[in-house]
Every structure is written in structure tokens, then in C-alpha cells.
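Asks: TrEMBL lists these features:
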DOMAIN    62-192  domain 'EamA'
TRANSMEM  6-27  transmembrane segment
TRANSMEM  34-51  transmembrane segment
TRANSMEM  63-85  transmembrane segment
TRANSMEM  97-118  transmembrane segment
TRANSMEM  124-142  transmembrane segment
TRANSMEM  154-173  transmembrane segment
TRANSMEM  179-199  transmembrane segment
């Protein structure tokens with residue numbers, strides 16, 4: 001979202017429920033059917049609509065690229081938590097998750113790659129507030145939710161953030177999404193909703 005708009009970043013990022021579908025199917029060795037393949041094709045179509053040309057000098061292409069890359073790693077995390085760590089306490093999982101992330105970021109803090117350290121004290125307070133509300137609380141509740149649902153369905157619930165984020169960006173940052181972004185976003189949201197309905201009917205919850 002730093003290289004593009006909030007809408008582009010969030011729409012690309014929230015393809016992760018579909019990626020979860022493939023990863024969970026692979027890790028649990030569940031037989032895959034044609035529906036996930038159709039989901040994947042629709043996601044590719046939506047990405048093409050949002051960014052019809054591949055140009056890494058273009059902010060839209062960069063936003064889609066980083067969003068999809070983030071989506072893959074988040075999907076991998078959610079799937080691993082559900083398949084291998086579901087019996088552990090959610091706050092314990094987020095504790096170790098945060099600790100590992102802190103260790104990985106130590107070199108960036110020590111050497112200040114890319115002006116990593118905030119320049120003002122107010123920025124530190126914003127970062128602390130962001131970490132407590134969105135990371136610690138939000139992710140802990142998400143992990144807890146996966147104890148009752150599989151990773152696919154839990155991911156669907158979080159996709160509502162596309163709507164929240166788009167509205168906040170419009171009113172707070174005055175970001176107006178393009179027609180391509182809206183159409184691509186609607187396709188992704190439709191796929192995610194259909195996925196939830198399909199698996200509910202299949203009694204896969």
C-alpha cells in the first residue's frame with residue numbers, strides 16, 4: 001500500500017483465502033476438484049483487469065505484486081496454524097510469531113535499511129498502537145476463530161476488510177478507486193463469498 005493505493009493493496013492481498021484453499025488441500029492431501037481451479041482462474045482474471053499490463057515501473061503493478069506475495073505468505077501461515085498448530089493456545093502462537101518477526105527485523109533496526117527507524121516520537125506511538133490493535137489483538141482473535149472453522153472459512157471472514165479499507169481510504173485519504181480496481185475487486189469478493197457458500201453446502205466446516 002506504500003507503492004500503490006489502499007484499494008489495490010488490499011484487493012491483491014485478500015486473494016489469500018483462495019491460496020489457502022490450494023495449500024490446505026495440498027497439506028491435508030485432500031482430493032481437489034474443479035471448483036478451486038475455477039476460483040484460481042477467476043482470481044487471475046481479476047488481477048489482469050486490475051493491472052492489464054505488467055510494468056514494474058507502474059505503481060499498480062507494484063501494488064498487485066507485493067499484495068499477491070504477501071497473500072501467499074499469509075495463506076501459508078494460516079494453513080500451517082490450522083493443520084499443525086490448532087491445538088495450541090492462540091495467544092501463545094501469536095507470542096512466538098511476534099518474537100520470530102522481531103528477531104528477523106533486528107538487522108533492519110541496527111543498520112537502518114531504508115530509514116526503518118521512525119524519525120519522531122509520535123511515530124513510535126502510532127506503531128505501538130498499530131501493533132497492539134491490529135497484530136496482537138486482531139491476529140490472536142483470528143487464530144482463535146480457526147479453532148472453530150477451517151483456514152478457508154476463517155480467511156473468508158477477514159476478507160470483509162476489503163470493504164472497510166476501501167471506505168476508510170476514500171473518506172480519510174481521499175483515494176478514489178478506478179473502474180478496473182472496482183471490477184477486479186468485485187470479482188475477488190464474489191469468488192471469496194461463493195467459496196464460503198460452496199464449502200458450507202459441502203459440509204466442509
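Note that Cβ sites are derived from N, Cα and C of the backbone, with glycine treated the same way.
Just so you know, TrEMBL annotations are computer predictions that nobody has curated.
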Asks: Count, for each of 6-27, 34-51, 124-142, the Cβ pairs lying under 8 Å from the transmembrane segment (63-85), and report the range with the highest count.
Replies: 6-27
Asks: Residues sitting near the transmembrane segment (6-27): Cβ under 8 Å, six or more positions beyond its termini, same chain?
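Replies: Beyond its ends, the transmembrane segment (6-27) has Cβ neighbours at 36, 39-40, 43, 46-47, 50, 59-60, 63-68, 70-72, 74-76, 78-80, 82-83, 150-152, 155-156, 158-159, 161-162, 165-166, 168-169, 173, 175, 177, 181, 184-185, 188, 191-192, 195.
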Asks: If you average pLDDT over the domain 'EamA' (62-192), what do you get?
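Replies: 75, rounded to a whole number.
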